[in-house]
Structures are given as structure tokens and as C-alpha cells.
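Heads up: the structure comes next, in C-alpha cells.
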Amino acid sequence: SPFHDGVMPSWYHRDCFFGRCRPTAVTEIENLDNIRWEDQESLRKEIENPETPSSAPGSSKKKRPAAASAGWSIGYALSNRSKCIACDTPIIKGHIRAAKLDTDSKNGVKYQGVWLWHHLDCFAKIREALGYFDAINTCSGFDTLSEEDQKKVSEKIPAIDKPDGPSAAKKAKPAILDPEEQKKLEEQSKKLSKFREELSAVAGHWTYHDLLTHNNQQLLKTESEKLTSLTDQMVFGALKPCKKCSGKFIFISGVGYKCQGDLTEWTKCEHVTLDPERTEFKIPDYMKDTPFFKDYKSEISKRILRISEPPAPSPIKKTPEDTASLKVDRGPMPLKGMDFVIAGRMKRSKEELKQVIMELGGKVVGKVHENLAAVIADEKILKRGSNVINDAQKHEIQVITEDFVDEAKDYNDPPVALINKKNIASWGADPKSRIDDSIMKSCGSGSGFEKSGGKVKMVFADGCAVDPDSGMVDTTYVFSNDDGKYSTTLVKTDIQSKKNSFYKIQVLKSKFHNSFWLFKSWGRIGTTAGGHKCDKYANEWSACNEFRHLYYDKTGNDWRDRKNFTKMPGKMYPIDDQDDTPKQEEKSLNDAASTVTSSLKKPVQDLIKLIFDVEMMKKTLKEFELDTDKMPLGKLSRRQLEKAYGVLREVQDLLGQGEPERALLIDASNRFYTLVPHSFGLDEPTILDNEELIQTKCQMLDSLMEMEIAYGLLSAKPDDVDRNPLDVCYEQLNADIDVLDRDSKEFKMIEEYTRNTHAETHWSYELEIENVFVVKRQGEYERYKPFKKLHNRRLLWHGSRTTNYAGILSQGLRIAPPEAPSTGYMFGKGVYFADMVSKSANYCCTSKMYPTGLLLLCEVALGDMYEKYYGEFIRKLPEGKHSTLGLGSTRPDPEKVLTTEDGVIVPYGPGVPSKLDKHCSLLYNEYIVYDVAQINVKYLIQMKFKYKY
């Protein structure tokens, strides 16, 4: 639904429904058992034998498309926006296109079917793989084509024989009943229908309510649902409570009897039974003299159920082989993913030129942007100038002549050199990086309900932000009194109901007069599905009273007693945020405007910008599927993050017990996603049910902890106009950072260490040193000094995300907290190092689009090492051991080792086989220390990752 976090049914006439949708089993139709037997059978026959004509009472006599052709369409493209699924290139406006209605894939299910459009030629080539065997003239939309085009497409797509083998549309196996059972089912259905009709004729909503309450049964929402439940229980007997949770059962067609109780305050009971325990259905005394109920006598019996396994979703693309059969190679598309702007008049019309560009895979856009391939113009326009030309010059984008498009046809790959060759402007940066970024972005896609990122100005007044959706950012502030600030964000993740909801409420007071508003917003996290409302109230009391009422309604807790919050079943949970102190407006230091010159060297300035880059922090949050609106940077408290660690540890313990109960995993998952709001878009929240997922979420929490430090430092900087913001942030790191001379012996050593220890298996990128910084963390050397006497001190690598380095530099490398689960730590919770640079570089989490990474070189006091061939979770080292060495099958050449003047070993030799006396599980060595005092950070290396693909 676009209006709330849930679904809205789309209702169809019977024949219209089968003209658009094609269920594969009757069990896909909800509530089937509660309609008349004749209608049940009509639907069953329609689904199992789609070629038979409709015999449903009152069905339309108007002929609908042949069943085999229902869900297929052909016509002219109405715009240039559609893209061919088979060849992944645009379909030009006015060209013939054909489509299959996809109802099985993720988006197909969400939107009750989506059209998958194809070029006519592409459709003809893969029609068998798609499952289209009819002549095209039976297809919807055929009549809209011109006579000439009808003849053309009929010749191209005639009727063909279906191949032998399984049908393209996989059907569920129908429930098979013997004739006697079928007869009993028919009699039962007719009995239920008759009883329902008689009951509805003599009773109404309140009678249904009283009957269900008197028998201690589940009260459903609608009158129809109550009537259905009563019919079942008055015919077969009242339902006894669930033995697992004491909840109440309801009948669900095609499923059985499902418990509606709560297993915990976070999770519903999942108990389903086909034969529930029943007891006599009782009539209240005041109804016993009513004619219908006077003659009623309760009988306990078993209901015959038609249960069959619903079909597994069968998306069009399942396996690599299937995917390949649905793709079409249209030849070279040299301009694929590239954007162009056409400026001024050309020899050809703009539409003709646009069509040629689209045929080569490109796109014509209206405005210049930073990743534009080029502007197409002539010298007159260039000399005369225009806004487009000015923007192109600003972004260093080439201005090329029209004949570029014709010459580009001869290229197989992006014609980068041709752009430079055809450039008639005096400017022009390397177009390759722009084109690579544009192609990458063109590969992504999203649904109409997915929320895209963007900057929103948050105005803070009295330490709390007024929500921009209120439309009152400049005229109001969040009201507060002795109860605190009247603002809260509530969340609820419920995997069973597929909900991932938020609800925000604020009391706003005018800055200029004594007026009050109550702002409410709601919806699904990470999407545009939802809404908001701002109502004016007469005075403070009425606005605050309604706020408190809403808070209680949504959470089951009193606003004034929220410090003693107790999670209630089915209710929402407040985000436990920081103390609502005013934060600096979110902006990267790259944009920090200051008239004061920084005292830092330029490379150090750039480093500070990199590690305090708010946009990179937001990108990291999005990579972890976190919602930056409901949980902006610095919003979640450390206490709530520690609770989330605890939940992950619970899940790990459950997984360690063998096959845990699904409901327990759901319970933990609901808690985790409520504590740390995630953006799943329109997808279902993922159950935390495997070690790999637990490890990913641990890494996410680790990054959140580090970013909390970074953002805290960034937000805490004083408003000192006499100092450059970069200098202020640098000082808060409590570390002396200087640039290492590239001609120094140390730099040459690090350069050789980098070159020699790049592992062969990490071939997808090369490493290039951009800068080396000498780091002296305040107080670290004093802490390390006792271990300086320890033998076996080595200079080793450690890699991490750039967003983690503000925390690392200001607080040092740290060991995972006790609350964190042990998954992902092969040798226990400690700080891990490597002697192969690329092993650590892999933890920098860079990409082709974001190729800059940071690595540390640390002096590590290893002493006597506890050598291990395989993983062992170490809680305490054996006596006499100071560290752990996870042995790898490859190590730096032990014959090529450098020892510094103060006795530190630098294992900078090229990788060679370790020649171990037995097999080991690691490819490369890992060094682990369990006391951070054994670490002394020496160098910070800024690397450029040069990806080959």
C-alpha cells in the first residue's frame, strides 16, 4: 500500500481476474473454503483446466483472451522509458514491443503483476523460454497495431508446438481426494453455507460479538470474519486454547487452525493444527429463547480440510542456464549506460539523433551532471555560450560534434578515445572515470516505493529537530515541559506479518504565539509508503494529552513512565536515542567553508576530510541496509547497540543447539531489527538464521560503534570562527600525524612491503600508495612500553573501513565487547593482524567507485606464539604464551626479513609456501593479541585500490 505499511487487496471481476492472473493452485486463493461449493468447484476447474469455458453463475459471456495468452501483451512503446528485459537496452517510442505479465517474481507479487517488456525481435527469439506458443494475434493489444504491423508480427510470431517436458508454468500438485471424501467435503461445504446464511439472517454484529465472547473465542475485526468463525464453531464445536501459549485459534482456509496468541512480547505463536481440540459451543442465556438458537444443539466433530502444498514461486529467472536462455545479444552497445546532452540545432533533428544514441545503448538527458559522457554541440554554440556549455566547463566535460554518434557505431566498447578526439572545447577531464560511474549507476534499479537518498535540512530548536514533513520547520519548535520533549519515534519489525513500520509523533509550538500542533507520520521504513498529518490544537493540554494517548495506544506504556518501558505484545517500541542534544548540521568537512587557513599539511587535511566524511558514513549505513532517516548518524545510543550485540549472541547460542525452533529465531530477529532499524524496502525482513548473517550484523554494529565515536567528535567541535574546522577535528583525534617523506628509507621499506606481500589469490586489484603518515597516539607508547622488552616484535598490517578510523585513531584498536557473539573470530576475541598486505586490504571494503582505503602498520609485541593449524576459539592463552599465530600455507619469505634499529622484525619478503609439517586451514598467516597494550600504531597508509574489472 502507498498509504501504510501493509497490503491493499485489488479486487477483480471473476473473468477479469483470470484474464490478468493465473494461479497455479486453488490453495493460492484465500478464503476459498468459506464460499459456496459450486463457486469453489468452478474456480478449481478454471485453474486446473484453463482451456474449459467458464461455468460460474453470473460469469461474463464476453470472450476473454485465450487462457494461454492471458498475461501477454503487444503494442507500441508510449515513451522512451521502457527497457527490454532481454537485451537491457531502451525500447524507442513508437516501436513495437511485447510483454509477459510477471506475477511470480518479487516485484510481480508486490504489484499484483508487472509487465516485462521486450523488443519484438528479442521476444521472438526467446518466446519458447518465456512460454509463449500461441499465434501473436491472440495476444492482448494486437488490435491496436496497424494492419501492416499486424501482418508483420503475425509472420514473425506464428503459433508453434509446445516442446515435450514440463510446462513452463510450474503447477502445484492439487489435493487428491477419493470420491467418498470428495462427497463428504461437498456435503460439509453445503451444510456450512446453509448454516451461515441462516445465522446471518437472524443475527448481527453484536450478536456475533457476544457469542464469541461467551465461548472465549478470538474476536476478529470484520462482521464477515466473525460470521465465518461462528459458523465453523457452531457446526463443529468451540475451539480450546493453544497448549503452547494459551492463545486462541481461528480457521484459515487452505492452512488449518492457526493460533493467534503471543509466544513472547515480540513474537506471535506459530502453532497450526488440522484437528484442534474442541468443546461444546454454548449459547448465552438471554439468547436461548430466540427461535434460531432455541433449536440449536452443539455437536463436536472434525472438519474435513482440503490442504495442499502451495506452489513454490517460480520466477522467470531461476538458474544461470535459464537466465542465459532469456537474454539476447543485440551486438555491441558502445554507448550503453552513457548520458549525453544535445545543445542547439544539429543537422539532424534532436529526435533523430536521440534515436540513434538510444539504439547504441545511450541516453539523452536534459541537464549536465557530473557523470555526463559529453555535450553534443557545434562550434557556433560553443563560441556563443549557453548554460549547458557553462555547466560542461564547470564539470570539465567534453563538448563533441554530432558525427561522434556515427563513428561510435564502429566501437565494441565505450568510445573514450573518440570523445577526446571529437572534443572541440578547450577543457575536458578524463572521461573514463565519469563513464565508469555512469555505467555503474545505470545498473541499479528500484521500485516506485523505494526511498532514494537526499539531503534534508533538519532545524534544531531546544535540542530537538522539527520533522521537515510537518511543513513548519521555520515557524515552530518541539514543545517540552517537566515531562520532557514531546517527540518520539516508534518502530516495529514483525517478520510474521511482514511489517517494518515506524510511527513518529511531535508536539510543536509556534515561535511567535501560543499555538500548538500535533504532528504524526507513519509508514514502512526505507520506503515512501505511508503518510503524515499535522493537526492544530486549542492549547498545550489538549495537544500533549493527545500525544500521550497516541503513545499509549501504540506502545501500551504511559508516556510519563517511559523510563520504565515494558515491551507489550503486538505494540511498537521507541528508539532509544542519544540525549537529544543539538547536533551540527550533517555535512562533510569537504564542504566546510572557513576563511581561516588550516595549519595542517595538505595531505593531512585530506586525510581528516576522508575519515570524517559524513556522506561515506551514510553510504556505509546503507550498505548494511540501515535506515538513515529513522536512525540518522549519531542517533542510536551505545546502550541500544550493546543490547543489539546481546541479541546476536542469543541467536548464536540458539544456532549452536542444532535446529532451533523457528519462532525463537523470529523473536530474536524482531528484537534486533527493532533495536537497530533496518531498511528492507518492500522486501520481507530477513530472519537471522545462519552464522554468516550473524557475522555481517556484528560487523555492522562494530562500524556503528566506530561511527558513533567519529560523529560524536565531528558534532562536538566548538563554533570557533578563528580556527579551521579541520584543525579542530584533528586535535580531537589526540594523535600526532605527519606525512612521511617519499624519499625516506621508511617509505621505501613500506613500499617494498606492499609490493612483495600482495597475495596471488587477491588478483582483482593492485595497490598503490598515495600517502604514508607517521602516527603517534597520545598515551599509547607509555602503555606499550612494558611490552617493548618482549621478544618477537613485528611490524604487521591491519585493515578497516575508512569510517572506522576516527575511532581507531582517537581510542586505538579495540577488542570486541563481551556482549558481542563469538562468530567471525576464528581464534577468539582479539585484535587481528597479517603479514600479507592484501589480506588486511580486503577488510578496507573499497570498490571501483570508492577506491581509497586506509591500512595501519603496527608494532605488535607477539612474544611466544600459540601456533594453530586450525581455528580454535581462545578465551585464555596457555601459560607462557603471549599471542596466537594462525598458520597459513603461504607466508613472506623468511630469508628476506628486515630488522629495524630498535629490533622490530619486518617480514617484507615475497610470499612463498610455508612448508608446514601438516595441513592448515588458512591460506595466509594471522596474528592475534588479546591485550591492546601489546599494540603500538606506527604508520597509517592511504592506498588506492586499482581494480582490474
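The backbone N, Cα and C atoms fix where each Cβ goes, glycine too.
The domain 'PARP-type' annotation in TrEMBL covers 1-51 (among others).
Per TrEMBL, the feature region 'Disordered' maps to 43-65 (among others).
Here TrEMBL flags 72-161 (among others) as domain 'PARP-type'.
Taken from TrEMBL, the feature region 'Disordered' covers 158-183 (among others).
Marked as region 'Disordered' by TrEMBL: 309-329 (among others).
As annotated by TrEMBL, domain 'BRCT' applies to 330-407. The helix, strand and coil residue counts that DSSP assigns across the domain 'BRCT' (330-407) are 28 helix, 11 strand, 39 coil.
Feature annotation from TrEMBL assigns domain 'WGR' to 475-572.
Here TrEMBL flags 571-595 (among others) as region 'Disordered'.
Annotation source TrEMBL lists compositional bias 'Basic and acidic residues' at 580-589.
Taken from TrEMBL, the feature domain 'PARP alpha-helical' applies to 597-715. Summarising model confidence by region, the domain 'PARP alpha-helical' (597-715) averages a pLDDT of 85.
Residues or ranges marked as domain 'PARP catalytic' in TrEMBL: 724-949.
Here the domain 'WGR' (475-572) is broken down by DSSP into helix, strand and coil counts: 22 helix, 45 strand, 31 coil. Scored on C-beta pairs under 8 angstroms, the neighbour of the domain 'BRCT' (330-407) with the top count among 72-161, 475-572, 724-949 is 72-161. In the domain 'PARP alpha-helical' (597-715), helix, strand and coil residues by DSSP number 77 helix, 3 strand, 39 coil.
Per DSSP, the domain 'PARP-type' (72-161) is made up of 32 helix, 21 strand, 37 coil.
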